[in-house]
Amino acid sequence: MVYHGQRRSLLQLFEDQPRLNVCAPMVRYSKGAFREIVRDYNVDIAYTPMILADVFKSSEFARQDYTTNDCDCPVVVQFAAHDPVDLAQAAQLVAPYADGIDLNCGCPQKWAYKERIGAYLSDRPELVRDMVRTVKSAISIPCSVKIRKHPTDVRQTVELVRRAQMMGVDWITIHGRTRHQRSTEPIDYDVIKLVKESVSVPVLANGSIFTLADAEAMYENTGVDGVMAARGLLQNPALFAGFEHTPLACVEKYVNRALAYGTPTFIFHHHVMYMMESIMSNVERKTFNCLSSTPAILDHLSRYYGIRYNA
């Protein structure tokens, strides 16, 4: 974790900019090189992938997975936890190298629920309250929570965010689907709007943001302070800059930064595959998906698209 510059005040950013573009926390994908790329295309805040707080605070090896630098600002480190002390200790370790801490209260995966993290917390507002209170007393940088719509009772959603606000949470992100809903199902604008109206802190909205039109619809229907994209940015890191498809210049930037940072071939391949998906034909996608080495990927990009890697 290396950073030498002046961290930017996220709270001041919320005050200065009425509509914020945010890169969501994505397992494996929202790492340093990708966070840098999206910042070149109008992303204001970028999140890390979800990090297990208990592992992070206990393992030096685990802490090496989070890297940052002077170009990676502002960055929010997202933790998953069910114990206030674990969360506070992990937050203390990372605070000098981050601009904000986020508590994941929305991960829908079954393994996370069994581990009592993520969406498991949606039924436990008292525990969320205690974790926010503990981490706020341990660090000086802002703290947020990211939640989902409650599966059965919207009043539980409101109770969760109100208790978090009482303990000093600085902003809230809500995904407008339950943990059981598929990503193809419509976003519930009403529950996002209700959360926005129920608290006085800034609210970000997450879910089905693939174009600027999607973002505009979210603002008009909910009145939130910013929108967060995940799959939309994977497919098109330049979406907040108004591009309908990933520009080749963006792909080339990613190629050079990702390899300079030593990105594993698996993640590198998947990122490029997502970015190029709308550009490639079905036949080419099948060929590209079978490429198994970084040199093969670079050769394909150079031969067919003129994309160069400046080794």
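In case you wondered, yes, glycine gets a Cβ from its N, Cα and C as well.
The feature active site, proton donor is assigned by TrEMBL to C107.
According to TrEMBL, the FMN binding site annotation covers P25, M26, V27, Q78, K146, H175, A230, R231.
TrEMBL lists 23-279 with the feature domain 'DUS-like FMN-binding'.
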For the recorded positions listed here (M26, V27, C107, R231), which one has the lowest count of neighbouring CB atoms within 10 Å of its own CB?
V27
Distant-in-sequence Cβ neighbours of P25 (FMN binding site), under 8 Å, six or more positions away:
Y47, T48, P49, M50, V76, Q78, D102, N104, K146, A230
If I take the alpha carbons of R231 (FMN binding site) and C107 (active site, proton donor), what is the distance between them in whole Å?
15
How long is the line from the C-alpha of H175 (FMN binding site) to the C-alpha of C107 (active site, proton donor), rounded to the nearest angstrom?
10
Quick one: largest C-alpha distance among P25, M26, V27, Q78, K146, H175, A230, R231, binding FMN per the record, in angstrom?
17
